[in-house]
Amino acid sequence: LRALDAMVDNASLKTTPNDSKQDSGDLKPQAVGPVDGVKPSASHPSEHIDNTTLQTTTDEMEHIAEDSESQTEVRNRSHLTKPMNGGESSDTNNNGAETATPNEANHISSDSDSQNGVQNRPHYTKSVNEVEFSESPHDSEAGKKTSKLVMELCNQLHTELTQEFSHQLQRVLENAVDRILEHSEAENLMGGSKRLKSNMSDRLRATSESDKWLPEKKFRHRNSVLTDLFKISHIETVYHIFIAVLLIFALNTILSDVVEKGGLVHVYHFELLVWTFKGFFSVIHCWTTMFLSTCLFVYLAFILWASKRRPVPRFTSFDFAFGILYIIYQVAFIILPVVFIFKHDLAPSSTAIVCLEQIRLMMKSHAFVRANVESALLSGEECEREKSRRRHRRSLTADERFPVSACGDSVTEEVEITMSNGIPIPPFSQYLYFLFAPTLVYRSAYPRTPYIRWHFVTINLLQMGLCILYTYFIFARFCFAYFANFGRSEQFNFSLRQLITSSFGCMLPGALLLLINFYALLHCWLNAFAELLRFGDRLFYKDWWNSVTFSAYYRTWNVVVHDWLYTYVYRDVYAISRRHRRILAQTAVFMLSAIVHEYVLTLVYRFFYPVLFVIFGGAGFAIANLRGRSKLWNIGLWAGLFMGMGILMCLYSMEWYARKNCPPAQGLVDLFIPRSWFCGN
């Protein structure tokens, strides 16, 4: 130890301020000479120790230090400051040298080896302020165990902290994602509501200064309202509820047949459903005749009139002659199908098909003639000017979902009309497309989709069939089974008490019939044909369920029929009349609609019972102009629809079975006087 202290003192004397500066700065390799030439310090008695003994001692200490460092990791590191005071050593004081610890001895031996090693051996000098401590050999095993235990504890703590951090981060991310989704869903609902309102806006402002020009119908690419609403999961659940109710109705009918009648009378045979479509093949023959007459007679007669007429902007005797011929054709088109219905004794559903197709083709032919007569009355330059004005008013904007080139509008415009003697004549293909298109308003071009989605057609036709089955189950369970014995006994005849109880019992089934028929005809059927014909504008109805007035309900319930009434009845009456224009036009629309509805019901049921005319044409028209903005008015409208459908279902069912169970009256009185009023009394 004394020899080592002497070595430390010699090393301290050897070190100069320049060396310290170099050590703390560039740390360049430096050749250190042997320690023999260094004069030992006078404060230690070890100055006569020979070099051989000193070298042996330092080699042993170096071997021990290197072995300890290779087996254990350095656990503690301390920094001792050694000021550079010329030849004074920091390890000694005036009272003598301090006793070095084993760690200090190991490092001192290493320093001694560096001083007494081979000549010109490169050595990287370290800062004199840094001193490392290593374990002695007898502490290596305990150090290894302690180090292993510490490492295990550190790893366990690291794992627990990592797991906890992961769980906390996952919870934070889940909460953030939930908030983002809620905000995004709210924005989507608001944006979807705005898009629906934009899609349901289908009119342009009037461009003419004359007050006879009212806004016109605007065709553009858009989906049906329910098609967009069913993309929202909350609204789609309502659709699932109706499917569940259909299954319950089917199960109810099956159990009723099994328990009460001992067999599947209504479900297995479907005799009522088969009977209501009796004469369906005769219906096909009648429809073919009506379609050919509309397709050929109307178009050929119009071409003959337009080609032979002189191009003057006023009516002539030639025009009146063809006008009378057109009226005769329309009257014959009304009478002949009625004769066919009674001659072949068609069932209710078959009769309804003939009547509805008859009315549809009449409205189509009138729309075609009415739209083209105005163009035919103009000549040459006037026709071109009017055409430009109409193009300005009737913009066929394509939706972003379909490119303009794929819609075919530009191609259609090029062949919009052909000229014969200066009078525009539409091509036959254009007229034929209009006869099948799901619209009653004639245009020379419609927005078209680029392709047909056959799965969409299949789904809508399948839903149409399910709606027919749905209607059958409702009638079989709540109408046929309940009113079949009407008029056979005094306990079940027409009275105020029976009317009230039966009407309230029929309100929910009647409301279901209203919704099912709306969905089947105005959504499924029209969307299927629109997809087959690539018809782009699918606005067949609006959000009538949100209406707060009956006038809004009438306008939004059936947009297809309303557009025809507005374009060819309301606007014409408004333009012709000079005083009270709005009242006269509105009255004409209501009266025509009510008469057509009663016409269809009279032929379907084979009796005249104007319940629908009184309820919706009378009371509905009287309160149609009431203005309400509160949601309470919407509740009142739904209550009115429920009660109206219940009364309709009750009274028509009573009259139907009264004419089966009660004797008829004499003459034509039986056709116009309800038999249920006197049956059983």
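Backbone N, Cα and C define each Cβ position, glycine as well.
What you see is a predicted model, and the numbers here were worked out from it, not measured in a lab.
Here TrEMBL flags H597 as active site. As annotated by TrEMBL, compositional bias 'Basic and acidic residues' applies to 60-76. Annotation comment: TrEMBL describes 87-119 as compositional bias 'Polar residues'. The region 'Disordered' annotation in TrEMBL covers 1-121. Per TrEMBL, transmembrane segment is recorded for 238-259, 279-306, 318-342, 467-487, 507-530, 583-601, 607-626, 633-654.
For the transmembrane segment (238-259), the partner stretch with the highest count of Cβ pairs under 8 angstroms, out of 279-306, 318-342, 467-487, 583-601, is 467-487. Tertiary proximity for the transmembrane segment (583-601) is limited to same-chain residues at least six positions away from its ends with a CB under 8 Å from its CB atoms, namely 352, 355-356, 359, 561, 565-566, 569-571, 573-574, 577, 608-610, 612-613, 616-617, 621, 624, 652. Counting only same-chain residues at least 6 apart in sequence, those with a Cβ under 8 Å from the Cβ of H597 (active site) are L612, F613, F616, G617.
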